[in-house]
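What TrEMBL says about this protein:
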- 36-279: domain 'Orn/DAP/Arg decarboxylase 2 N-terminal' (DOMAIN)
- Lys60: N6-(pyridoxal phosphate)lysine (MOD_RES)
- Gly239, Glu273, Pro274, Gly275, Arg276, Tyr372: pyridoxal 5'-phosphate binding site (BINDING)
- Arg276, Arg312, Tyr316, Glu344, Tyr372: substrate binding site (BINDING)
- Cys343: active site, proton donor (ACT_SITE)
Amino acid sequence: MDHFIYKNGEAHCENIPLTEIAEAVGTPAYIYSRNTLKRHARRIIEAFSAYPTLACFAVKANSNLSFLREIFDEGFGADLVSHGELQRALKAGVKPHEIVFSGVGKKDYEIRAGIEAGILSFNVESSFELESINRIALDMGKMAPVCLRINPNIDAKTNPKIATGLFSTKFGMSEAEAKTLVTEIQELPGVQLVGIACHIGSQITDLKPLEEAAEKMSSIALEMLGNGHPLEFIDMGGGLGIRYKDEPDPDVEGYASVLIKHVQKTGLKLVIEPGRLLAGNTGILLNKVIGIKKTPQKNFAIVDGAMNDVIRPSLYDSFHDIATVHEGVDKPEVLYDVVGPVCETGDFFGKDRTLPQLHAGDLVFLKSCGAYAATMASNYNSRPRAPEVLVDGDKYYIIKPRETLEDLWRGEEVTIPGGE
Ligand SMILES: Cc1ncc(COP(=O)(O)O)c(C=O)c1O
Ligand SMILES: N[C@@H](CCCC[NH3+])C(=O)O
């Protein structure tokens, strides 16, 4: 979050005071630092430059078109999970042959669109999906590139809701099933094997499980290559975690070296799918205090952002740091639950947070909202989606305007015969 800094007692994103953005676009608003994003992207590319690697940004982390454009301009491909993400990535200028398409339940129209676009690979998660891809490709007179997503049964030591590499989850297939399917693929004229993939989870702060996965995947690849299966790459997924609270800063170079150490034994190209690592600490959600409510037990700071804007605290009990836009050095410190206006007890951004005393109208910001914030937003309680702003030095751009109240209502109603 190093491009969000206090100057003259007031928080800025790069050179722009957050108060200026609040005046221009209102609150709540997502604000991203372009230079932080560029720096993160370049650090990843540099860390993997010692080995032939394709870094595919996990579009689910942040699918704003301008945000994506910045990432693709730095040489990233895309990891996607839906037709919608495919369209957004293409619109933002990704090279189609640098796209991997993940997901346990791809529908026929999504598979067709991926084949039409000419993507690098479908990361196949089941035998039924392999059959669908083969059927659709043959129907289109094409051959679809596929990669088998293996579940390596490794504990990523992260929040269970975002762990994906254990057999108890719906993701991937066992090593045994993958070994059966690689042979079956030879009999399927509509698909061509290009690789194997895994993704063991998200917000992983220990390199050990990631290394264990790389070791396991490399040994599976060596065995498949030995049996004459023509692999081109190993896709190690994403997952390296960031600092939300007291986690270590991500060791991008250490991460690159543990993956490369094992994958290079196979001679295959490496694919990675980072999401949070690029985007998470590039952005904030700026909020205004609507009012302060005191009860015998608590002080509630009720802000205008809510769980529909950033759902991570409500959904995963995730910690996001909260700060005031004005430093408030001369103010007494008070313990607050920072909550939104949504009609749910679970609508909170932070509990028992010590902040300089707040009043209605004060601006507070929720940190680490560059990933899995705007993309997980909803219209719950019929609230409009917040705008997104990209700051670049002395300038800022509204890269998505606030949804208007009319947008929320328009085209929604179908009047049934006899209805009003
Ligand atoms: C298949 C796949 N790839 C990549 C990612 C991106 O993960 P992260 O944002 O933790 O890097 C995810 C999300 O967990 C995923 O499911
Ligand atoms: N949405 C999750 C992570 C992504 C999981 C995707 N497999 C989060 O906010 O942390």
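In case you wondered, yes, glycine gets a Cβ from its N, Cα and C as well.
TrEMBL does not curate its annotations; it predicts them automatically.
Highlighted in sequence order, Ala58, Ala61, Ser202, Gly238, Leu240, Leu277, Leu278, Ala279, Ala371 have their Cβ within 8 Å of the centre of the Cβ atoms of Gly239, Glu273, Pro274, Gly275, Arg276, Tyr372, the residues recorded for pyridoxal 5'-phosphate, and are not part of that set. Taking Cβ-Cβ distances under 8 Å and a sequence gap of 6 or more within the same chain, the neighbours of the residue listed as 'active site, proton donor' are Asn381.
Checking the recorded positions Pro274, Arg276, Tyr316, Cys343, Tyr372 against ligand 1 with a 6 Å cutoff on the Cβ atom leaves Pro274, Arg276, in sequence order.
Rounded to a whole number, the C-alpha distance linking Pro274 (pyridoxal 5'-phosphate binding site) with Lys60 (N6-(pyridoxal phosphate)lysine) is 10 angstrom. Other C-beta atoms found within 10 angstroms of the C-beta of Pro274 (pyridoxal 5'-phosphate binding site) number 27, with every protein chain shown included. Lys60 (N6-(pyridoxal phosphate)lysine) sits 14 Å from Arg312 (substrate binding site), taking the C-alpha atoms as the reference points. The Cβ of Arg276 (pyridoxal 5'-phosphate binding site) lies under 8 Å from the Cβ of Ala58, Ala61, Ser202, Gln203, Gly238, Leu240, Gly241, Ile242, Ala371, Tyr372, each on the same chain and at least six residues away in sequence.
DSSP assigns Arg312 (substrate binding site) to a helix. Note on the domain 'Orn/DAP/Arg decarboxylase 2 N-terminal' (36-279): its mean pLDDT in the predicted model is 96.
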